[in-house]
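> The substrate binding site annotation in Swiss-Prot covers N237, M266, Y295, H331, S351, R352, G353, D392, G393, L394, R395, E431, Y458. What Swiss-Prot lists as Zn(2+) binding site is H435, H499, and the listing cites sequence analysis. Residues or ranges marked as [4Fe-4S] cluster binding site by Swiss-Prot on the basis of sequence analysis: C579, C582, C587.
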Amino acid sequence: MARTAPAASFESLESDLDQKFAYPASSKTYIPGSRPDIRVPMRTILQTSTRTEKGEMPNPPIPVYDTSGPYSDPDVHIDLKAGLPALREKWIAERGDTEVLPGLSSEYGRDRANDPATAHLRFAQLTNPRRAKAGANVSQMHYARKGIITPEMEYVALRESLNLQALYDKPEYKALLRQHPGNALGAGLPLRPEDITPEFVRNEIATGRAIIPANINHTELEPMAIGRNFRVKINGNLGNSAVTSSLAEEVEKMVWSIRWGADTIMDLSTGKHIHETREWILRNSPVPIGTVPIYQALDKTGGIAEDLTWEMFRDTLIEQAEQGVDYFTIHAGVLLRYVPLTADRVTGIVSRGGSIMAKWCLAHHKENFLYTHFDEICEIMKAYDVSFSLGDGLRPGCIADSNDDAQFGELRTLGELTAKAWKHDVQVMIEGPGHVPLQRIQANMDEELKHCYEAPFYTLGPLVTDIAPGYDHITSGIGAANIGWMGTAMLCYVTPKEHLGLPDKEDVREGIITYKIAAHAADLAKGWPGAQLRDNALSKARFEFRWEDQFNLGLDPERARSYHDATLPAEGAKIAHFCSMCGPKFCSMKITQEVRDYAASLPKEAQQGMEEKSIEFLKKGSKIYS
């Protein structure tokens, strides 16, 4: 349902866009915090009862992590032109270390605000931005290192635990909460839901093992954490280009992405109206928004990398920080001396940001200005609490180029920059590859942990083979599940259109679901507390032929239902004890249930006799022939 309407049609966005949505058989619930304005959302999936000979046995509701914000709350009115409620406004103001500016600090921002040519695109409900008071640092890391537990940290603790500790004493959840031991591969995961406390979150932020990307100007944000010792998160990309996609479509894609489970969104726009597109997305986004500021800076030069300047880039950082961008991808590790190391690669430099900075370095024969001005960038970041996503500008673009000197040289420089950012108490995550065959993935995680001091790793896949254009959501999902288990904190999704074109809504959905699978598989492998609850509930529903519950407990209920109904569309098939794969006579689960029923119906004496024969068999050494 991609739209190609011009940006000028944005006036009709509110009527065009399906803003509200409801998940099937679900309710929006909130976990209360220590103060009335801390209400942490989660989704509860309702189940039908199990039919037995003794009557119906109820099945308990299943709580799941929710990224959809107010869009799935039937009690909240969504007005895209007004933006979402300013959830964090009071928290930020009462800390007393910020000030509301009299106007925009960015020259470009002021120009756009006063340009009559963009008046019809402008978000009308803008307020003046905030900035740290002189000498103040407003980053979550700074507060954490001072021993302060912020409302954002408490919010994250409640969100990560889902209040599961309350379920462990309830008999109806006992079987559902069974979980295989995980292997956290050295990570310090909480062992039980009750261990996920605000103090646990504060400590993870203070050490740099996790970040809470939360710009003080993105007050609509529902705080979340990215870190090795939390749930594995996923990022979804959107953004217009010079050849396709309208402003309204990007807002629609944002809402669509969080519906399917994107934990953060990166706006990678390179086409028209980048500033206005970003404003509308931010004001209506409950999840953190990241950008690559060099893209917009390049747009300001007319696309000529050689004309980039530090002054122009600095103005772009301030412009975006005052809009509320939560994390910046900064390609400060692409050093002049690393560029020649890519000469013998099969695919050279595939990162857009990396290639821009490499071209600038070669054109001027100077060191990367993002590297030389890094301390000044840190000063901007801590004034707005923007997190670094230190870009892997020299990531491999094919498996042949994986783990080479250029890639790992840059990674070591990112570790150096991480230490420098932490001296400013600025939050950092590290971007990673890319294209890496399975047997070389572990080395990427090991190198990141070693050289970047356990700062959260944020990887694009990696793709484990290069032979499947059109299916790279699968080739990358395989790598993502593996590296997520090994310790990567956030996985950047890949869609089926990767390497082929700009994704549309269905591509976005496909990519997000693929990566939700990868992230959940990683959580199971690590042993995240309660991760297996949803699996157990769905497996029980499957065995009991509760088809509606199977659909609703899945990551994509619509897809599951449509596949089932393609061959068995009748409503009666929703209670049938078979599907079209095996039919009514060959369903293994149906046969197993019949065996159980038969065993249960045997006289007590017959059951006792079989037990005696079993004991006799075991005493003889379990030998069939003697």
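Any Cβ shown, glycine's included, is placed from N, Cα and C.
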> What is the interatomic distance between the Cα atoms of Y458 (substrate binding site) and H499 (Zn(2+) binding site), given in whole Å?
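H499 (Zn(2+) binding site) has its Cα 20 Å from the Cα of Y458 (substrate binding site).
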> Measuring CB to CB from N237 (substrate binding site), give everything in the same chain under 8 Å that is also at least six residues away in sequence.
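Listed in sequence order, they are I265, M266, L268, C492, Y493, P503.
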> Cα distance, H499 (Zn(2+) binding site) to G353 (substrate binding site), nearest Å?
16
> Just name the most isolated of the binding-site residues G353, G393, going by other Cβ atoms within 10 Å of its Cβ.
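Ranked by other Cβ atoms within 10 Å, the binding-site residues G353, G393 bottom out at G353.
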> What is the Cβ neighbour count of S351 (substrate binding site) at a 10 Å cut-off, with all protein chains included?
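23, counting other Cβ atoms within 10 Å of S351 (substrate binding site).
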> Over the residue list N237, M266, Y295, H331, S351, R352, G353, D392, G393, L394, R395, E431, Y458, recorded for substrate, what is the maximum interresidue Cα distance in Å?
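Across N237, M266, Y295, H331, S351, R352, G353, D392, G393, L394, R395, E431, Y458, the widest Cα separation comes out at 20 Å.
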> Between R395, H435, H499, which of the binding-site residues has its C-beta surrounded by the fewest other C-beta atoms within 10 Å?
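Result for the binding-site residues R395, H435, H499: minimum number of other Cβ atoms within 10 Å at H499.
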> Report the member of Y295, Y458 (the binding-site residues) whose C-beta atom has the most other C-beta atoms within 10 angstroms.
Y458
> Restricting to the binding-site residues Y295, S351, R395, which ones have a CA within 10 Å of the CA of H435 (Zn(2+) binding site)?
R395
> In whole Å, how far is H499 (Zn(2+) binding site) from Y295 (substrate binding site) when you measure between their Cα atoms?
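Taking the Cα atoms only, Y295 (substrate binding site) lies 19 Å from H499 (Zn(2+) binding site).
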> Do you know offhand how many angstrom separate R395 (substrate binding site) and H499 (Zn(2+) binding site) by C-alpha?
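The separation of the Cα atoms works out to 15 Å.
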